[in-house]
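As structure tokens, the structure follows; a few thoughts come after it.
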Amino acid sequence: MFHHVTVLLEETVDQLNIDPNGIYVDCTLGGAGHSLYLVKQLQEGHLISIDQDQTAIDNAHIILKDYLDKVTFVKDNFRNLSDILAHLDIQKVDGILYDLGVSSPQLDVGERGFSYHQEAKLDMRMDQTQTLSAYEVVNTWPYEKLVSIFFRYGEEKFSKQIARKIEAERELKPIETTTELVEIIKAAIPAPARRTGGHPAKRVFQAIRIAVNDELGAFESSIEQAIDSVKPGGRISVITFHSLEDRLCKQVFQEYSKGPDIPRGLPVVPPEYQPKLKKITRKPITSSNEELEHNNRARSAKLRVVEILK
């Protein structure tokens, strides 16, 4: 069983205002920390926990063994949220939570290929049954596409140099391991830049992971479905870990928190002119100093919460 320290555990679930008899969805089961904390608060309620990683689901069966009658596990991508709920014959739920990013077990289990600190085959698939892996991205995607993902998903300012170096190296032989890729990235970045801004491979590894799993596309699709799936008065909690996710989350919530332009002179605002949701957190909630002392991965976490109005 793997060990995972859940970020913003109580804040994320407590912001949902749990109804003991309500139906809730944990779209990112991961290490099952949020699911466990939530399901303990249910009486007649039920929790649907989704993850595309079978390892996470197997692990959660152990962690939640005392609550299995209150949980339905679904192995699927959360971009299919509407279909998942329809298959379970659920019309609306009371709350949904997302904890985006890679769970500690995926980072810590070397063979999954997520970590630039451990040698492993280039993989990075959250769903081990999918075809596209980091190996295909690194060895087959054209230079222009690599530059695009490194810049867009990694905000890497040396995207062109790194992509050019990858292109040159893979012509000699396939790039097969995380260690090989790290050395190529280091060689492509000017020496002064390697000594600042954290690990030199951090941004490229993030970019490849996002591309392999279509993380931003999946989240954008899922959060739109979530907004339509929560009943009025219900809430959605989202933890993001990098600026791309947070920006996307902020934009979607901002869009739905505005109603259409209201004609002047109306004594009351008709329902059709009211926004779909309201923001509970004007500014994102971040980890306390106490949490940061125990979990360095919480440093970049931001929690945004909205309440559905109609």
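Quick reminder: no glycine exception, Cβ is built from N, Cα and C everywhere.
Since the structure is predicted, the reported quantities are computational estimates derived from the model, not experimental observations.
Summarising the annotation, Swiss-Prot assigns S-adenosyl-L-methionine binding site to ALA32, GLY33, HIS34, ASP51, PHE78, ASP99, GLN106.
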Item to check | Packing count at HIS34 (S-adenosyl-L-methionine binding site) (other Cβ atoms within 10 Å of its Cβ) | outcome: 29
Checklist entry - What is the number of other Cβ atoms found within 10 Å of the Cβ of PHE78 (S-adenosyl-L-methionine binding site)? => result 25
